[in-house]
Amino acid sequence: MPPSASTNLGYTPPDGGWGWAVVFGSFISIGFSYAFPKSLTIYFKEIQEYFSISYSEIAWVSSIMLATMYAGGPVSSVLVNRYGSRPVVIAGGLMVGVAMVMASFGTTILHLYLCVGVIGGFGLAFNLQPSLTIIGKYFLVKRPIANGLAMAGSPVFLSTLAPLNQFLFDHFGWRGSFLILGGVVLNCCVAGSLMRPIKIKTKPPVSKTTDENDTAKPDVTSQTAGQDKSKQSGCAAKVSQFIDISLFKHRGYLIYLVGNVLLFFGFFAPVVFLAPYAKHQGIDEYSAAFLLSIFALVDMFARPGTGLVANTKWIRPKIQYFFSFSVTYNGLCHLICPLLPGYSGLVVYAVIFGLAFGMVCALLFEVLMDLVGAQRFSSAVGLATIIECGPVLLGPPISGLLVDIFMDYKYMYYACGMMMLAGGVFLFIMNFYNYRLLEKEEKEKQVEDRLEIGSAKELAANEEDKDNEEKIRLNTEEEVGKSICEEP
């Protein structure tokens with residue numbers, strides 16, 4: 001495995017200490033961000049009956065919430081750069097809490113779209129992005145471990161919130177449950193308070209000899225920066241100050257985006273409709289909610305396990321193929337779901353789906369960094385989330401529309417399976433094509449480097465010959481001058 005890319009933080013991260021408290025805060029914040037929209041599906045059937053709406057209409061609640069969380073990522077990044085992680089996460093926790101309290105008094109489904117979907121979605125965006133950012137400020141050497149522990153919050157919270165929501169609904173109804181959940185998510189404010197700004201410990205100064213040897217480097221950098229600035233003008237220059245739009249010229253990144261758009265059309269709907277599907281088959285509420293807990297438990301162990309496999313010397317050089325396999329495996333899981341009979345079949349599906357879902361989540365950002373590198377990663381994530389919010393928004397409602405039309409969930413699972421299977425096959429083919437081109441470009445670069453080295457050596461030899469000829473000419477002239485002076 002290649003060494004980790006160097007960072008230009010300007011200080012040495014502590015790699016521990018208060019950083020572990022920050023990891024715990026990120027664990028809570030990320031757990032709520034990813035698990036909260038999925039766990040709300042417990043209330044969908046009852047809310048649907050209360051407002052007398054269709055399956056597709058109720059699916060818009062979680063879709064708007066997830067899409068807003070994705071679309072709000074760049075806004076959250078700008079706020080973090082301006083104010084830091086702590087105030088943004090606290091503000092996000094307050095927004096989600098207020099949104100759930102307001103939703104408990106809702107009288108129409110549009111009220112839930114606005115409160116839970118839009119306001120709650122932006123609140124979750126303000127929780128997710130800062131939590132991922134601040135870990136990179138506290139950790140460098142141990143950053144993979146810290147990120148792994150923080151990301152485990154998603155399946156842990158999902159396995160906890162699913163039965164908790166069922167318990168709250170049985171005792172307080174969906175309105176009372178939303179009111180209580182509004183207080184529960186205020187724990188994000190506590191998590192945000194743990195994310196105090198890091199006390200920078202500057203790196204020790206380098207020796208004078210190093211400074212003397214490197215005196216020319218700042219000049220070169222400043223000249224290059226000046227050239228880049230002179231090339232950029234107008235709107236493009238302003239946009240480039242916030243995000244690197246040149247990524248749209250990156251071949252591997254475009255392949256990644258197209259594959260992700262396909263897979264996200266069928267990625268979240270099977271999770272959203274898992275509990276309603278079980279209830280539709282006559283399974284009781286607690287058993288239906290328990291399916292989400294099984295799914296989350298398997299997901300919890302699948303993510304770190306996938307990371308360990310991806311780090312092996314056999315997988316790491318071609319990790320894009322591993323990601324393509326995980327997407328294809330997801331699609332196959334959804335295609336066989338309607339073929340599994342009874343509650344035992346749904347348990348089997350929850351297990352294999354949890355494994356498939358965990359594999360994709362573990363690799364989703366790792367393969368992106370493998371493509372664009374650490375320096376352009378933040379811009380790549382921001383642009384990707386903006387584009388992905390479209391299929392995230394439309395996927396569950398379209399799936400719900402299929403349920404409304406056919407009055408059966410199996411066609412929804414078939415459609416999601418085909419979309420993810422198409423995304424996996426596309427990624428397999430295009431990544432094979434991309435790897436071949438990269439190998440070809442690498443060989444051409446090596447040939448060019450050898451030619452440049454050869455021409456440089458030849459030029460140096462010619463210069464040396466010229467210097468020798470000049471020395472010989474000067475010596476000859478000097479000897480001729482001496483001989484003339486010695487003559488009587």
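Note that Cβ sites are derived from N, Cα and C of the backbone, with glycine treated the same way.
What TrEMBL annotates here:
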- 468-488: compositional bias 'Basic and acidic residues' (COMPBIAS)
- 19-435: domain 'Major facilitator superfamily (MFS) profile' (DOMAIN)
- 204-228: region 'Disordered' (REGION)
- 461-488: region 'Disordered' (REGION)
- 18-37: transmembrane segment (TRANSMEM)
- 58-80: transmembrane segment (TRANSMEM)
- 92-125: transmembrane segment (TRANSMEM)
- 176-195: transmembrane segment (TRANSMEM)
- 253-274: transmembrane segment (TRANSMEM)
- 286-302: transmembrane segment (TRANSMEM)
- 322-341: transmembrane segment (TRANSMEM)
- 347-368: transmembrane segment (TRANSMEM)
- 380-399: transmembrane segment (TRANSMEM)
- 411-433: transmembrane segment (TRANSMEM)
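Listed as Cβ neighbours of the transmembrane segment (176-195) (distance under 8 Å, sequence separation of 6 or more from its ends, same chain) are residues 21-22, 24-29, 32, 36, 43, 84-90, 92-94, 96-101, 103-104, 123, 127, 130-131, 134, 165, 168-169.
For the transmembrane segment (286-302), the residues of the chain that approach it from at least six positions outside its boundaries are 35, 38-39, 41-42, 152, 154-156, 158-159, 162-163, 165-166, 271, 274-276, 278-279, 343, 346-347, 350-351, 353-355, 357-359, 361-362, judged by C-beta separation under 8 angstroms. Tertiary neighbourhood of the transmembrane segment (322-341): same-chain residues 259, 263, 266-267, 270, 306, 309-310, 315, 348-349, 352-353, 356-357, 359-360, 363-364, 367, 409-410, 413-414, 416-425, 427-428, 431, selected by CB-CB distance under 8 Å and a gap of 6+ residues from either end.
Stretch with the most C-beta contacts under 8 angstroms to the transmembrane segment (380-399), considering only 92-125, 253-274, 347-368, 411-433: 253-274. Between the transmembrane segment (411-433) and the stretches 18-37, 92-125, 253-274, 347-368, the greatest number of Cβ pairs separated by less than 8 Å involves 253-274. If you take every residue in the domain 'Major facilitator superfamily (MFS) profile' (19-435) and average the pLDDT, you get 81.
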